[in-house]
Structure formats: C-alpha cells, structure tokens
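For 62-85, 97-114, 126-146, 205-226, the entry in TrEMBL reads transmembrane segment.
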Amino acid sequence: MVEMKFIGMDFSCAFGSVSNGQFPEKDCLLPLISKLLGYCIVAASTTVKLPQILKILKHSSVRGLSVVAFELEVVGYTIALAYCLHKGLPFSAYGELAFLLIQAIILVAIIYYFSQPLGTKTWIRALLYCGLAPTILAGQIDPFLFEALYASQHAIFFCARIPQIWANFKNKSTGELSFLTSLMNFAGSMVRVFTSMQEKAPTSVVMGSVIGIMTNGTILSQIIIYQKPTAKKEKKAD
C-alpha cells in the first residue's frame with residue numbers, strides 16, 4: 001500500500017479501503033477524523049475572538065464584561081499551552097491554544113484601554129504576568145510544580161467564567177459579549193474532547209475541555225436568554 005501522509009495525517013488506509021469498494025474500518029477512520037477536526041479547530045481558533053474584539057471596538061465599550069474573567073483566561077491559556085509543549089503533544093492536539101492566547105492578550109489590552117483609568121492592582125497583575133509567562137512557556141520550572149500548575153489551570157478557567165456568568169445573571173444582560181465568539185468556544189470544547197481522547201492526551205487535558213463545555217455552554221445560553229427580551233422590545237418599538 002502506498003503511503004499517503006500529509007501534516008501528520010495518514011490517508012493511505014482510508015483511500016485503500018475506498019479504492020477496494022469498502023468502507024474504512026473504525027480504527028482507520030477515527031484517528032483520521034480526529035486529526036482533521038484538530039486542524040479545523042486550530043484554523044478556526046485564528047479568528048475565534050475576533051467577533052468579540054470587533055464588537056468592543058465598534059461600540060467603544062466594555063459594558064457587562066468582567067475584566068478579571070478575561071485576565072484569568074490569559075493565565076489559563078498560558079499554562080495550558082506551556083504544558084502541551086512540555087508534553088510534546090502533536091500540534092493538532094493543542095495548536096489553537098497559541099492563537100487563543102495571542103487573541104486573549106489583545107482582548108485584555110483593548111479592555112484595559114476602554115477601562116481607563118486603571119487601578120494599581122490591575123497594573124501589578126499585568127506586570128506579574130509579563131514577568132512569569134516567559135519562564136512558564138519555556139518550561140523552566142520544576143516538573144512537579146508544572147503538573148500542579150496544569151492541574152490548577154482547570155480551576156483557573158472555571159473561575160475565569162464564573163465572574164462573567166454571575167455578572168450576566170445579576171445584570172440580566174450579557175452586555176458586549178459576542179454570541180459568535182461564545183458559540184465557537186462552546187463548539188471547540190466539544191470537538192476537543194473527541195480529538196483529545198483519540199490523541200490519547202492526558203485525562204487532565206480531556207477534563208479541561210469538559211469544563212469548557214459546561215462553562216461556555218452556560219454563557220452561550222445566557223446570551224440567548226437575555227438577548228431575546230431586548231429583541232422583542234425593539235420589534236414593538238418599530
């Protein structure tokens with residue numbers, strides 16, 4: 001059988017079965033689907049936060065957005081990316097983290113810009129991150145501490161969503177939150193559970209995606225619920 005490999009994906013098994021008039025077996029098809037979905041997530045991640053960024057810039061407002069939530073998200077992405085690099089996982093299993101981290105940093109910078117004047121605590125948090133992030137990404141910390149740090153990133157991502165979920169509930173509004181960004185976050189978490197299991201990623205990696213499904217799903221449902229009354233009022237006014 002002629003090998004047909006492309007960016008880590010082996011098509012020879014699937015094409016061999018199809019050319020013989022047979023449907024590819026599960027053990028042949030699932031890993032290929034996993035790789036394809038993984039790269040689709042990576043490709044989609046390059047623009048996942050763009051709708052949120054554009055919405056803030058369009059309205060020049062960060063109304064209803066929790067600054068702490070977005071700051072914690074940056075910390076979580078940094079730890080997750082560093083861990084996957086340290087473990088030597090295939091790029092298709094974590095590649096989106098690099099793009100999400102870059103966009104999350106840009107998003108926090110924009111939120112800071114529209115939240116002037118910034119308090120002393122905010123500046124301290126920003127400077128502390130800039131000082132520690134390069135060391136963590138380079139993996140220049142004790143292996144045991146690295147594992148503990150990665151285990152804590154699930155709690156960090158969970159805590160990153162809670163302030164925003166609570167703010168939405170308290171205000172009965174999702175402010176400037178982007179529906180499209182939240183939808184892509186939710187869909188990405190669902191697909192990543194499947195790809196992580198197929199890539200035999202550590203259980204902690206899979207659990208991170210499961211937590212993402214729950215928290216992103218909650219925020220997505222809040223956007224749908226709290227934006228409906230506004231839409232109805234606008235229709236009545238017309």
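Every residue gets a Cβ built from N, Cα and C, even glycine.
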**Asked** So which of 62-85, 97-114, 205-226 is most in touch with the transmembrane segment (126-146), counting Cβ pairs under 8 Å?
**Response** 62-85
**Complete:** Outside the transmembrane segment (62-85), at least 6 residues beyond either end, the same-chain residues with a Cβ under 8 Å of its Cβ set are 56, 93-94, 97-98, 100-101, 104-105, 107-108, 110-112, 114-115, 122, 125, 129, 133, 136-139, 146, 149-150, 152-153, 156-157, 159-164, 167-168, 171, 173-177, 205, 208
